[in-house]
Amino acid sequence: MSALHSLRTHAVSIRAVRKVYGDPESGPVALKRVDLDIRDNEFFTLLGPSGCGKTTLLRMIAGFEFPTEGEILLYGENIAARPPFERPVNTVFQHYALFPHMSIAENLAFGLESRPLGRSLGKAEIAERVREMLALVQMERFADRRPGQLSGGQQQRVALARALAPQPRVLLLDEPLSALDLKLRQAMREELKAIQAKTGITFIFVTHDQEEALTMSDRIAVLSEGQVQQVGPPEEIYERPGNRFVADFIGETNFIEAELLQRDGPLALYRGPGGEAFEAAARDGLAAGARVCLSIRPERLDLLAANTGGGLPCTVESQVYLGTDLQYRVRLADGSLLTVRTPNGTARRFATGEAACLAVAKDSASVLLD
């Protein structure tokens with residue numbers, strides 16, 4: 001792919017961006033050196049714990065912060081030094097910042113009447129755009145109400161409609177669901193994804209919630225300590241984490257220190273600390289005897305009766321009822337503790353202190369080198 005074609009298919013490109021507050025040589029570093037390409041029309045999520053730099057990066061795309069070094073390209077054009085009102089992007093904030101003295105329709109119209117970019121709209125065109133946006137978020141019948149008369153979920157829809165009304169090329173969403181209750185948050189995930197698909201606008205979504213990222217995103221960038229740890233589709237991030245941080249941050253996992261025994265094509269055999277054998281993908285550049293860390297998700301393990309052959313002997317240390325699942329902590333013969341999660345009602349239930357056999361699904365381990 002040519003560089004020109006690549007620029008055209010990327011909505012946002014982050015090039016060697018570094019952000020330091022205060023003195024560039026000695027001040028606190030928010031972003032160390034970030035390179036990212038966000039595709040046109042995709043739902044892209046910046047995911048990470050508090051303080052990882054995800055919100056700082058979003059604010060720099062919006063123009064509320066400026067990079068110490070590097071470029072921010074919007075469809076190939078460097079906008080790193082431009083003020084927010086000169087960027088064809090809009091932001092939906094965690095706190096929706098609706099004007100309390102205006103009706104819902106007036107909130108939407110305000111941004112269209114004062115838009116700094118693009119041609120001015122007439123009153124009839126503004127009214128039609130407001131109707132279209134309220135219909136998009138299913139809020140037409142609330143057009144004359146004030147924000148204080150709406151629920152949190154309804155205010156979130158209005159904030160989204162207001163941000164979409166000027167037809168930005170990129171929409172930035174800064175943890176917009178965090179103030180909603182669980183049921184409403186789950187419903188809004190589906191709505192946001194559907195609206196993004198319908199409008200065709202690139203969405204860049206910031207969250208620390210792994211479930212939000214996994215269920216909504218086309219691709220995810222996982223950040224930690226000002227650096228991008230891994231970029232990929234949700235399934236790749238979860239099933240094939242690039243390093244120990246990603247494996248630990250996304251969902252739950254078991255870490256097992258192991259040694260490479262032998263390689264057989266795309267697979268390899270690894271030995272755990274108690275002599276247990278684990279099969280996992282082979283990694284280039286590793287010779288027999290190399291030390292690695294294996295990551296195995298709890299749902300890839302299964303508990304069987306103690307007299308079942310072929311598994312690893314273990315003892316159930318504890319069990320927790322989670323509704324849809326049962327979660328066990330089991331101890332292997334070498335003393336290591338592993339977490340096992342099984343669907344509730346599909347298998348026998350083990351008691352605390354009971355001997356059992358741990359079965360490991362084939363090719364269920366990920367090999368981590370750091």
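In case you wondered, yes, glycine gets a Cβ from its N, Cα and C as well.
According to Swiss-Prot, the feature ATP binding site maps to Gly48, Pro49, Ser50, Gly51, Cys52, Gly53, Lys54, Thr55, an assignment based on sequence analysis. DSSP assigns Ser50 (ATP binding site) to coil in the three-state reduction, outside any helix or strand.
Taken from Swiss-Prot, the feature domain 'ABC transporter' covers 12-250, and the record attributes it to sequence analysis. In the predicted model, the domain 'ABC transporter' (12-250) has a mean pLDDT of 92.
Within 8 Å of the Cβ centroid of the ATP site, not counting the listed residues Gly48, Pro49, Ser50, Gly51, Cys52, Gly53, Lys54, Thr55, the chain contributes His208, Leu223, Ser224. Comparing local CB density within 10 A for the binding-site residues Gly51, Gly53, the maximum falls on Gly53.
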